[in-house]
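These notes are about the structure you will find just below.
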Amino acid sequence: MSSVKIECITSECCRLGESPVWDEQEGALVFVDITGRKVCRWSAHAGQAQTVSVDAPVSSVALRKSGDYVITLGTRFAALKWKEQLVTTITHVDKDKPNNRFNDGKVDPAGRYFAGTMAEEIRPAVLERHQGSLYTLFSNHSVVKHFDQVDISNGLDWSLDHKTFFYIDSLSYSVDAFDYDLQTGKIGNRRSIYRLEKEESIPDGMCIDTEGKLWVACYDGGRVIRLDPETGKRLQTVKLPVDKTTSCCFGGKDYSEMYVTSASDGMDKEWLSRQPQAGGVFKITGLGVKGVPPYPFAG
């Protein structure tokens, strides 16, 4: 094992940082601050972040094949033109649930944007249950709903052979797997592959490495854990200096750096004084593994 190094790369802290994705073309990490209602882009070269403010909670961001980004905003899939700071709605979901919003989202290997919803939180991880659904936005802008009765739709990724879809509904405290059909985007045969232990707390965002192992950020657990989806065993734990770790992705020149977002919402003054970097974005080096570049949305 090489020595693991953790550093906070952002000076400004998010209320609820989420959905980090590496933009290779820009040499930058793009992420969102959900309750802060902004999309952020941290330049590795400049070491600074720029932001675009939006008019609703923005819960995920993804690259777009034609350039710029797609985002989940309130209960909308939307396109974001960075330079113009222009947001245009692609389509709406959950129209019958005014209290809902999107949460985490990610693009599959065929260029479809998967994202799920949840009820707005009363306070962190406290909300009306079973209000969410998991959706896919196709490149022709049509939308399919996979299932409902979701509490907090969260981390998602695909196996290296694209035959398995991994998914987290946070309040189930489980990382689940589905059979995946890359041709159609259909999922089925849901099963749990890992149940979180008490000290790991709530599973949140997730990514996969080039060895096919999953990395899961543990909200209120202050760590990311590495799991083997085949055996259901935890292989590694990396603890961070903040409790509310929310999501993770690989990035940097050769995708050997891990970036972890975090939150400060729900923390009182005393808690924040003990963890002044809460809501920061952290760069982890020396893990000895690399990640898979993100897929861009094809539409």
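Backbone N, Cα and C atoms are what each Cβ position is placed from, and that goes for glycine too.
According to TrEMBL, the protein has these features:
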| type | residues | note |
| --- | --- | --- |
| ACT_SITE | D204 | active site, proton donor/acceptor |
| BINDING | E18, N154, D204 | divalent metal cation binding site |
| BINDING | R101, N103, E121 | substrate binding site |
| DOMAIN | 16-264 | domain 'SMP-30/Gluconolactonase/LRE-like region' |
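Structure with TrEMBL features highlighted.
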{"residue": "E18", "record": "divalent metal cation binding site", "CB count, 10 Å": "26"}
{"residue": "R101", "record": "substrate binding site", "CB count, 10 Å": "22"}
{"residue": "N103", "record": "substrate binding site", "CB count, 10 Å": "26"}
{"residue": "E121", "record": "substrate binding site", "CB count, 10 Å": "17"}
{"residue": "N154", "record": "divalent metal cation binding site", "CB count, 10 Å": "30"}
{"residue": "D204", "record": "active site, proton donor/acceptor", "CB count, 10 Å": "29"}
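In sequence order, I34, P57, S59, N100, F102, T117, M118, A119, E120, L127, I152 are the residues of the same chain, not among R101, N103, E121, whose CB sits within 8 A of the CB centroid for the substrate site. Taken together, the residues in the domain 'SMP-30/Gluconolactonase/LRE-like region' (16-264) have a mean pLDDT of 97 on the 0 to 100 scale. Cα proximity to N154 (divalent metal cation binding site) (within 10 Å) is found for the following recorded positions from N103, E121, D204: N103, D204. In sequence order, S19, N103, D104, I152, G155, I168, S170, G205, A217, Y219, T246, S247 are the same-chain residues whose CB sits within 8 A of the CB centroid of E18, N154, D204, the residues recorded for divalent metal cation being left out.
A distance of 16 Å separates the Cα atom of R101 (substrate binding site) from that of D204 (active site, proton donor/acceptor).
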